[in-house]
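Everything on this sheet refers to the single structure shown next.
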Amino acid sequence: MKNSVSEQNFYIESEEEDEEKELNRDGEGEADVNGTDSDESLADDNRQQSKTGSYNTSWPQSYRQSIDLYSSVPSPNLTFLGTPTLSRLSSSYLSSSLTRRHTPESLPTVVKPLLDKPEDEQLPPQRRSSRSLLPPTLLRRSSSIRKDEKLSRVSHELPMSRQSSFGQALLNGLNVLCGVGILSTPYAAKEGGWLGLSILLIFAVLSFYTGILLRDCLDSEPGLGTYPDIGQAAFGTAGRVVISIILYVELYACCVEYIILESDNLSSLFPNAKISLGGFELDSPHFFALMTTLAVLPTVWLRDLSVLSYISAGGVIASVLVVLCLFWIGLIDNVGIHSEGTVLNLGTLPVAIGLYGYCYSGHAVFPNIYTSMAQPNRFPAVLLACFGICTLMYAGVAYMGYTMFGEKTESQFTLNLPQDLVASKVAVWTTVVNPFTKYALTMSPVAMSLEELIPSNHMKSHMYAICIRTALVISTLLVALSVPFFGLVMSLIGSLLTMLVTLILPCACFLSILRGKATRFQVCHCYQCLHSQI
């Protein structure tokens, strides 16, 4: 009549094994609950699940975790995912949990049902069982929820918890879009003229539309959760690898931009700073580029990047603060409006196009934001709000900066601000501090993808991963010193990489995945977008 502790443990283990078998059976668990599924539907489930299971075997497997840290997608409630495992995910160089050979064994321990009671947290992770804790009346409902959970995640990655609210998703989207690109919008207005501002609006509309296309691609098949997953569904393993490389190159180029940004702004604050080493003299820009690299190098070795992830979420506040400082200087400090500007500059219009395109480089993160939302049907509203707010900020800064500084507008408007004003100091120092919190998070996805390629006999050696990260940081310094032109590098990134990720690839993937289901309107718009970019 009484169950011993060992008997209870055996019972829980048996229930846990039953759940795992139920999750692994393709459609059989739902058939046992309802009792009405036909053999044909089970066969369809088998084919569908075998297809989605193929998305978890190709490089890169660390994309979702690293991008979630980079964009602060996870909800602040970290206990749902499990703190120890999150620490391992944020420090792949201290663990082999993200390598292809060991990830499947380390991650299932954090998969917990959404209906767990608080008492369940007192049990060891390997003993937890929702079936043994739920009332009998909820067993059928929990079975269907576990079925949905299985279909809404890629097995090699953390569960897509779908617990982000509308406000969290909006903040994450703004944090990605409101970056250093806002500093160059006045320079883009100078290079393209006033009519060039229409390109900013056109890019905003097209980027919003392609964001919706990415959502349609994610909804086309269960198991799709990231941009590389979409690429694999559209073009196979080659598509996954190519799209991943493009996304990583874009992140790497952003790190180069951070080095140039720090060098330009610090050298404007301290123009006489220099150093001599053995007869070799470094001027102010080169000196601060080197100092910035040495300062950010330890951050890429951090064991836990989750702290930086939440600090970098203040990027939205930093961007708003810099914008307010610009308007304060122009309107309150009476710097005034001195230039009417030109209507159109055809000779330098391509530079403006690249700079405006860089402003909307958020599509690499949008799939993660969508799959993390508690109400995915509100994703279009999130996109609309993000693009609307950012476009107003970009256009306002472009207008104010260009009218204030005219043809003397620098690639970063902070370089034009009068140095004797308090608002100027606030804007410049905010611009200087912000990249220090974002560099490691931006470089982390690139480093983690390369660490997956470490041979299995060297996976436990931390030195290999540390060398990879150090080499990446040093290489960004060398590239920044070779091409120390902030506006030019940003324009190249916007023209070559951002437009590819934002406008071309979403349309190509959509046409490949949904070519039989897409409407004529969607097909026409996709082809028009492709032809306009190519």
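Glycine too: its Cβ is placed from the backbone N, Cα and C atoms.
Note: TrEMBL annotation is automatic and uncurated.
Here TrEMBL flags 1-11, 49-60 as compositional bias 'Polar residues'. Among the features that TrEMBL reports, compositional bias 'Low complexity' is placed at 123-135. The domain 'Amino acid transporter transmembrane' annotation in TrEMBL covers 163-522. Under the heading region 'Disordered', TrEMBL lists 1-60, 97-135. Marked as transmembrane segment by TrEMBL: 169-188, 194-214, 241-261, 310-331, 343-360, 381-402, 462-486, 492-514.
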Task: Beyond the flanks of the transmembrane segment (462-486) by at least 6 residues, Cβ under 8 Å - done: 92-94, 184, 252, 255-261, 263-264, 285-286, 289-290, 293, 296-297, 300-301, 411-412, 443, 446-447, 450-451, 454
TODO: Using a Cβ distance cut-off of under 8 Å, indicate which of 310-331, 343-360, 381-402 has the most pairs with the transmembrane segment (492-514).
DONE: 343-360
Task: Any contact, the transmembrane segment (194-214) to the transmembrane segment (381-402), with at least 3 Cβ pairs under 8 A - done: yes
